[in-house]
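Have a look at the structure below before the remarks.
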Amino acid sequence: MLSSQSLSNTSFFQPPAFLLMGIPGMEAVHGWISIPFSSMYTVALTGNGLILLAVRRTPSLHQPMYYFLSMLALTDVGLTLSTMPTTLAVLWFDHRLIGFNACLVQMFFLHSFSVVESSVLLAMSFDRVVAISNPLRYAAVLTDNVIIRIGLAIVARATVSLFPVPFLLKRLNFCPGKILLSHSFCFHADVMKRACADITVNILYGLYVVLSTVGVDSLLIMLSYTLILHTVMGLASPRERTRALNTCVSHILAVLVFYIPVIGVSMIHRFGRHLPHVVHVLVAYMYLVVPPVLNPIIYSVKSKPIREAMLRVLREKRQG
């Protein structure tokens with residue numbers, strides 16, 4: 001451990017490590033709290049893994065809609081693996097140290113997968129627009145090559161948007177006594193507040209990333225559903241209207257599961273400073289842990305082809 005005197009004599013300081021935090025005020029029962037967290041991580045990895053296997057092994061699911069669902073499942077696996085190691089290390093073993101560079105890497109992947117998830121949900125809304133507004137040209141518009149390009153563009157967008165963030169943090173001078181983070185993972189807003197320097201550039205760039213990705217995506221998703229409703233209202237048969245809207249239910253629920261916690265995190269960071277710290281922590285967990293858990297449940301319940309394919313994969317595993 002470095003002495004405070006040697007740290008104070010250093011003109012530029014970056015901590016060798018940060019201290020992570022579990023659930024504040026509940027440290028004595030972290031072992032019990034780890035049980036629901038372990039269960040949620042297991043459900044997220046198992047459910048999304050089953051979706052990936054189901055789509056891969058079922059030729060009838062080799063369609064644009066299910067390719068996009070596979071992208072969403074793969075993103076949820078990545079998001080889960082971004083937070084799971086440090087969260088369970090804190091809850092199980094009270095291992096709270098994370099190296100400075102390791103923290104920046106975790107932060108990059110955590111936020112990148114969030115941007116990817118938002119982009120995939122936008123791509124899925126575009127898929128629904130084409131399927132409902134122009135069903136005869138659906139297969140011609142969303143070819144395999146187009147879907148691959150959309151996937152590559154989504155990854156490139158997230159990478160380019162988040163790539164500068166770790167380097168903007170590495171240029172900052174940090175406070176020797178401020179190494180305790182507010183979560184069991186590295187969050188950009190949390191890390192940059194530990195700096196003893198002007199973080200205006202970091203705040204502005206973080207705001208730009210949020211507005212240019214999640215903000216733009218949410219507006220385009222709303223526009224997509226405006227077009228869908230306009231098309232559906234033009235259908236003559238009420239039965240056709242219901243059938244068309246039913247194909248969107250799973251996606252609408254996935255959008256709500258992702259964007260409601262995002263809005264909650266943003267509102268609490270801006271206006272909820274008077275709230276107990278435990279509220280901030282729980283909302284952050286909702287934002288990062290809940291969508292990967294609920295998405296496979298939503299699609300397995302609402303989509304009969306996915307449910308049947310997932311059950312087929314499970315039967316094959318048991319027989320094998």
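Quick reminder: no glycine exception, Cβ is built from N, Cα and C everywhere.
The feature transmembrane segment is assigned by TrEMBL to 29-55, 67-93, 105-126, 146-169, 203-228, 249-272, 278-301. As annotated by TrEMBL, domain 'G-protein coupled receptors family 1 profile' applies to 47-299.
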If contact means at least 3 Cβ pairs within less than 8 Å, sequence distance 6 or more, would you call the transmembrane segment (67-93) and the transmembrane segment (203-228) in contact? no
Top stretch by Cβ pairs under 8 Å to the transmembrane segment (203-228) (candidates 105-126, 146-169, 249-272, 278-301) is 105-126
Considering the transmembrane segment (249-272), which listed stretch of 105-126, 146-169, 278-301 counts the most C-beta pairs under 8 Å: 278-301
Summarise the model confidence on the domain 'G-protein coupled receptors family 1 profile' (47-299) as a single mean pLDDT, whole number. 93
Same-chain residues near the transmembrane segment (278-301), Cβ under 8 Å, at least 6 residues beyond its ends: 21, 23-26, 37, 40-41, 43-44, 47-48, 50-51, 69, 72-73, 76-77, 79-80, 82-83, 110, 114, 117, 182-183, 185, 187, 250, 253-254, 257-258, 261-262, 264-265, 268-269, 272, 307, 310
